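*Asks:* Would you mind keeping the following structure in view while I ask a few things?
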Amino acid sequence: MAAPVSALESAWQLLIANFTEFQLATVVTFLLHETAFFLSGLPSLLFERFGLFAKYKIQKKSNTSAYQNRCVLRLILYHVCVNLPVMIFSYPAFKFMGLRSSLPLPHWTVVVSQVLFYFVLEDFIFYWGHRALHTKWLYKHVHSVHHEYATPFGLTSEYAHPAEILFLGFATVIGPALTGPHLFTLWLWMVLRVLETVEAHSGYHFPWSPSNFLPLYGGSDFHDYHHRVLYTKSGNYASTFVYMDWLFGTDKDYRKAKAVEENEGKNL
């Protein structure tokens, strides 16, 4: 007797019956990214624009509506002209490395272990790549674009020079390229990575922010410091976790600033 088919597998069967693997791995992946990115990134833009949740805003400064709109328009341009072509032209490489979309879907233990591996590997590579971008020449000619927004909001997470999109994007795709995952796992990883970087750039630290509950997770407060200080002293280079900056001493100024804030809070 055949095993019962889950609702998820039934939905996946509809996808693979109506789209080719190339379409799913390129155009549908792009649309999924855009949906996750803009749906998760727009709230912090609106919070800032309308002064909502001001008590949880990390910086008191705010971007003007025109400056926010400029970010959104350039993001659409970069995504269509850089991200989408990269997805299309990288498909043969992913296919060669073992990407598949057929049923059955991978077991949840495989999905979880692969996604955890991707997070750890991405964080390690991102740390060193990001740190390199803060050297004088690379910062001036490449990374300074991302730092145009010293007061970040969610959508600024992917606002960057095209060269940086390719450079740091390598950290995101190297894990999946090494393991040759199922497309479902790749999609889950992409969505979680988008949610993580949008939260880190949101500019808001809420009581329910992930860093309040997840050990070693950096989050918005950790990364916001990186944006608001001089690039030579910013530190906090890792994308997701805090241990790389702790191990290599690039979070010392942040820790000192947090200690001062806590002491000032006690003296009020």
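Every residue, even glycine, has its Cβ placed from backbone N, Cα and C.
Annotation source TrEMBL lists domain 'Fatty acid hydroxylase' at 115-250. Look at TrEMBL and you will find 36-54, 75-94, 106-128, 165-190 tagged as transmembrane segment.
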*Asks:* Counting only residues 6+ away from its ends, which parts of the chain sit with a Cβ under 8 Å from the transmembrane segment (165-190)?
*Replies:* 12, 21, 24-25, 29, 32-33, 36, 78, 82-83, 86, 90, 93-94, 97-101, 105-106, 110-111, 114-115, 117-118, 121-122, 125-126, 129-130, 133, 142, 158, 239
*Asks:* What else in the chain is close to the transmembrane segment (75-94), if you only count residues 6 or more beyond its ends and a Cβ gap under 8 Å?
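*Replies:* That would be 22, 25-27, 29-30, 33-34, 155, 158-160, 162, 165-166, 169, 173, 176-177, 180.
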*Asks:* Counting each residue once, how many in the domain 'Fatty acid hydroxylase' (115-250) are helix, strand and coil under DSSP?
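*Replies:* The counts are 90 helix, 4 strand, 42 coil.
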*Asks:* How does the model score the domain 'Fatty acid hydroxylase' (115-250) in terms of mean pLDDT?
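*Replies:* That region's mean pLDDT is 96.
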